[in-house]
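Peer 1: First, the structure itself, so that you have it in front of you.
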Amino acid sequence: MTETARTTIDASEIEHFSRIAAEWWNPQGKFRPLHKFNPTRLAYIKEKICAKFNRDPNAPRPFDGLRLLDIGCGGGLLCEPMARLGATVIGADASTTNIEVAKIHAAQSGLDIDYRATTAEALAEAGEKFDVVLNMEVVEHVADVDLFMSATSEMVKPGGLMFVATINRTLKAYGLAIIGAEYVLRWLPRGTHQYEKLVRPEELEAALAKGGLRLIDKLGVTYNPLADSWSRSRDTDVNYMVLAERPA
C-alpha cells in the first residue's frame, strides 16, 4: 500500500479563496479587513527588516539586495509594497486564480514580481532560500501545519527573518474573529476561518524552534472600531504576529 504524500494544501481552502480572488484589490470588498490591517503590518515589517539588516528606513528602496518570499501571497497585497521598497520578491500561492490576479495587478502597477502557483514544500524541496519569509495569515488555512512550518523555516537563510501573523485559538478569538467578523459584521465570507485550525502562540513558537529559528518578538494586533483602524498591542488573544530569525 502506497503512503499518501504529505501536503499543506487544503482543497476546500483553495476553492474558497479562488472563488473570491477578483476581490483582492477592492479595498471595500471581501478583503476589506486585510486592506485595513495592511498599514500596521507593513510598518512593523519595514521597521524590523531595516533594523536587522542595518538599512535606512527613510531611503527610497531600503530593501535593495534582499530576497523575500511571501508565502500564501493571495492577490499580492504585501508583495507589491515589498517590491516598491526594493526587495526581490517571490510571491507564492497554491491558488492559480490568486496568482493570475496578482500577476495582472503587478503588471498594471509596473512592478516586477516573480509570482508562482506553488506550495511551501515544493519551494523548500527546490532548495529556495530567502533573507526574509513573510508567512502572514496563512498558517490557519493549511492542511498540515507542521509540514508548512518546517518548509517555510527551512527557506530562511542564516541571519534571515521570518514573520508570522495568524489568529489565536481562544474563545475570545472565536467570538470576535469568527462569529463577529464573519457572521455578525459580515466583514469576511462565512467559513473563512475554522476554529479548530487556529494556532496558539506556544504551538507556533514550538514549530519555529523545531525548524531551527529563534523567536525574537511577539505582539498582538487589535482593532479599534471607533477609529476603524488596527494597532500594535500586548493582547495576543485574537490576532498576533511573531518574528523569528535563523542564527547566522
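A Cβ is built for glycine as well, from the same backbone N, Cα and C atoms used for every other residue.
Swiss-Prot lists Arg41, Gly72, Asp93, Met136 with the feature S-adenosyl-L-methionine binding site.
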Peer 1: Around Gly72 (S-adenosyl-L-methionine binding site), which residues of its chain at least 6 apart sit with Cβ under 8 Å of its Cβ?
Peer 2: Ala92, Asp93, Ala94, Asn135, Met136, Glu137, Val138, His141, Val142
Peer 1: Take the Cβ of Asp93 (S-adenosyl-L-methionine binding site) and count every other Cβ within 10 Å, whichever protein chain it belongs to.
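Peer 2: Its Cβ shell of radius 10 Å holds 28 other Cβ atoms.
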Peer 1: Return the residues near Arg41 (S-adenosyl-L-methionine binding site), defined as same-chain residues 6+ apart in sequence whose C-beta is under 8 angstroms from its C-beta, sorted by sequence, else 'none'.
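Peer 2: Spatial neighbours, sequence-distant, of Arg41 (S-adenosyl-L-methionine binding site): Leu78, Met136, Ala165, Val221, Met241.
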Peer 1: The record lists Arg41, Gly72, Asp93, Met136 as binding S-adenosyl-L-methionine. What's the largest Cα to Cα distance among them, in Å, rounded to a whole number?
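Peer 2: Looking at Arg41, Gly72, Asp93, Met136 as a set, their Cα atoms extend up to 19 Å apart.
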